[in-house]
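First comes the structure, then the notes that go with it.
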Amino acid sequence: MRAEGRGQTRARRRSLAAQLSVPVRRYLNTEAGSAGLLLGATALALLWANSRWSGSYESLWSAQAAVSVSRWDLSMDLGHWVNDGLMALFFFVIGLEVRREFSVGELTDPRRAAIPVLAALGGLAVPALLYVAIAPGSAAHGWGVVIGTDTAFLLGALAVVGPTFATQLRIFLLTVTVIDDIVAVSVIGLFYSDSLDPAAIGVMAVFLVLMAALSRLGVWRAAPYVLAVLGLWIATVQSGLHASIAGMLGGLLVAAHSPTREAVEGAARRFRAFRQSPDVQVGRSARLGLAQAVSVNERLQAALHPWTSYLVVPLFALANAGVDLRDGVLGDALASRLTWAVVVALVLGKLAGIGLASVAGVRAGLGRLPRGVRLGHVFGGGALSGIGFTVALLIAGLAFESDQRDRATVGILIAAVLATGLGWAVFHAAAVLRGQTDADLPRFLDPPVDARHDHVRGREDAPLTLVEYGDFECPFCARATGVTTELRERFGDDLRYVFRHLPLVDVHPHAELAARAAVAADHQGRFWELHDLLFEHQGELEVEDLAGYAADLGLDVEAFLRDLEEDDTADRVRRDVASAEASGARGTPTFFVGGVRHTGPHDAETLARALEESRT
C-alpha cells in the first residue's frame, strides 16, 4: 500500500495532457503552444503599426499578388491572401475537428454533448444581444464580432490561470468552441459576404457533392480530398461568399472513424512481413496499410494542424492586429460606445451566456457536466471564452470600414486582457470558496484491490500490482493478454495482476454476457481458464459458445448456465463498471499501476518501466 501511495503522489505531478486520447492531446498541445506565438505576433503588429515604419506595415499587406494559369488568374492583396486564403485552411482544420467530434468524439453521445451545446448557444446569443443593446446605430451590424472564441488563446490562458489539473474542463471548452466555430462561419457566410455569383455557387455545389462521394465511397488517400477542397475554395472566392465557408464545409465532409479491427490487424501483418523481409515493396505495403487503418480525417489533421496553429493564425494576427493608435485614435476608441459594446459583450456576455446556459441545462436534466467539472469551472471557462481574437478580428474586418474597424479591434484587445483577468478571478474564487480545484478525471483506483472480491493472479502480498479494466470483445484487450503474460513472466512472484470488467456494450454487444460468463466460471474456481478462452474466441460469444467452453473446462454446465442468469452475477459485473467510472477508466484496456491510472502506450516495456517506478 505504501508503494501505491507514493505512485499516486508522483502521478499527481505528471503532465495532464497525457491523460487525453491521442488526437485530443495533440490538438490541445498544438493550440496551447501556439498561443505564445499568437501573442507575440499581436504585439509585433501593434508595435510595427505605431512605429516610424508604420507605412511599410500598410504597404506590405496592400501589395498585390496573383496566381495565373493560362488565361485564368486570381489576384488579391496580401492581406486578403491571408484572410481569404490561409484562413480558409484554418477553418478546414476546424471543420475536420468538428466532423471527428460528431463521428467518434464528445458529440457522439447526446447526453454528454447536451450541456456543451447549450453552453455554446448561450455563449453566442447573450454576447450578441448585449452588443446590439449597447452599440450605436449602424454599428449594430457588427454583432458577429462578439460571437467567436479564439481556441488557441483560450487554451493558453487556461494553462496559465486555470486549475492545475483541467483535462475534463479542456475537453468541455473544446467542444464549446467547436459549436462556436460552426456558427461563426455560418454567420460570416449569411451576413458578411459580398454580392453572390450563382454560377460559382453551382460549381461549389459540384465540389461539395464530389467530397461527399469520396467519403461515402471510403476513399482513403488524402490527395483527392485536397484537390477537391482546392477547387471548392476557388469557386467560393469567385462566388462572393467568404472563403472560410469553403474551409469549414470541406472539413465537415471528410469522414472520421475509429480504426477497425480488420484494418489494424492487416497493418500489423504487413509490418511483421516487413520485419521478416525489409525490402522497399514490403515497406511500402506496410506504410500503406497503416495509412488505411487511420481515417483520412485524422491524417489531414495531423499534417495540417501544426501549420495552421504555428504559422497561419500568428500570420493572421500580424496582418490584422496592427492598429495605429496615434493621433487620437486610442482616445477616440476609448470614448466610443462601439468599443465598449465589444468589451462588455465579450467579457460579460460570454461569462453569463456559457455559465447560465450550463446551469439551466443541468438543472433541467437535459444532460450532465463531464466528470470532474463543476459549475465554478464552467463560469471560469466562460470568462476565458471572452478572448475572441482570431474570429472576432476576421468578422470586424468584414463588418466595418476603417474607423469603426479600429475601434472594434481596440475593444477586442481590451476584452482579451480583461477576460483573462476575470477568468483567473473566477477560478480562484471557485477554489477558495467552493473547494472546486481540479477539473479532471479521477486518477486513483477506487476501490483498492480486495482479494476477496477481485479476480487476482499472483501472490496477494506481491510488491507490484497491475490492474486492467477489460472487455472480452475488445480486440485491443485481446492483444493486451500477450503483454500481461510477458509481464507476469518477467516479474514472477513480485507481480499481482488483477482483471476488472468494463464491457463496452454500445460497441460490443456480447461483452456483458461474456463478463457474466467469466464470473460464473469464477464460482467454480476457473475464472482465468475461461478468461483466456474468451479472448481466444472473441467472435464466438453466444450462449451456446459459452456453454461449450464451460464443458471443455470440465465445469458443471447446468450450474454455470444458472449462475450466468443470476442477479448476483450481473451485480458483480456492475460493481466493476461502477469502479471504472469512479477510477476514471473510460475505455479498454485501461491499466492501473500501483493504484494509479496509467497513461500513454501500454506495451510490455512501457508498463514494465511504470511497474519498476512504482517500487520506490
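Cβ atoms here come from the backbone N, Cα and C positions, even for glycine.
Residues or ranges marked as domain 'Thioredoxin' by Swiss-Prot: 435-616.
Summarised as a single figure, the pLDDT of the region 'Na(+)/H(+) antiporter NhaA' (1-434) averages 84. Annotation comment: Swiss-Prot describes 1-434 as region 'Na(+)/H(+) antiporter NhaA'.
Look at Swiss-Prot and you will find 28-48 (among others) tagged as transmembrane segment, backed by sequence analysis.
What Swiss-Prot lists as transmembrane segment is 78-98 (among others). Same-chain residues lying 6 or more positions outside the transmembrane segment (78-98) and placing a CB less than 8 Å from one of its CB atoms are 27, 60-65, 178, 181-182, 185, 229, 233, 236-237, 242-244, 246-254, 256, 297, 300-301, 304-305, 307-308, 312-313, 315-316, 319-320, 390, 394, 397.
Taken from Swiss-Prot, the feature transmembrane segment applies to 114-134 (among others), supported by sequence analysis. Packing against the transmembrane segment (114-134) from elsewhere in the chain are residues 106-107, 140, 142-147, 149, 172, 175-180, 183, 337, 340-342, 344-346, 348-350, 352-358, 360-362, 366-369, 378, 382, 385: each is 6 or more residues past its ends and has a CB under 8 Å from a CB in it.
Summarising the annotation, Swiss-Prot assigns transmembrane segment to 142-162 (among others) and lists sequence analysis as the type of evidence.
Look at Swiss-Prot and you will find 171-191 (among others) tagged as transmembrane segment.
Residues annotated as transmembrane segment in Swiss-Prot: 200-220 (among others).
According to Swiss-Prot, the transmembrane segment annotation covers 226-246 (among others), on the basis of sequence analysis.
The transmembrane segment annotation in Swiss-Prot covers 303-323 (among others). Below 8 angstroms of C-beta separation, residues 26-27, 30-31, 33-34, 37-38, 40-42, 44-46, 48-49, 57, 61, 78-79, 82-83, 86-87, 89-90, 92-93, 96, 152, 222, 329, 389-390, 393-394, 397, 406, 409-410, 413 of the same chain, each at least six residues beyond the ends of the transmembrane segment (303-323), sit close to that stretch.
What Swiss-Prot lists as transmembrane segment is 342-362 (among others), and the listing cites sequence analysis.
The transmembrane segment feature in Swiss-Prot is assigned to 378-398 (among others); the stated evidence is sequence analysis.
What Swiss-Prot records for 412-432 (among others) is transmembrane segment.
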Revision key, fill the gap. Stretch winning on C-beta pairs under 8 A with the transmembrane segment (378-398) (pool: 142-162, 226-246, 412-432) is 142-162
Study note, to complete from the structure: The answer for the transmembrane segment (142-162), taking Cβ pairs under 8 Å and residues 6+ beyond its ends, is 28, 31-32, 34-36, 38-39, 123-124, 127-128, 130-132, 135, 169-170, 173-174, 176-177, 180-181, 183-184, 187-188, 191-192, 309, 313, 338, 341-342, 345-346, 349-350, 380-381, 384-392, 395-396, 399-400, 404, 408, 412, 416, 419-420, 423-424, 427, 439
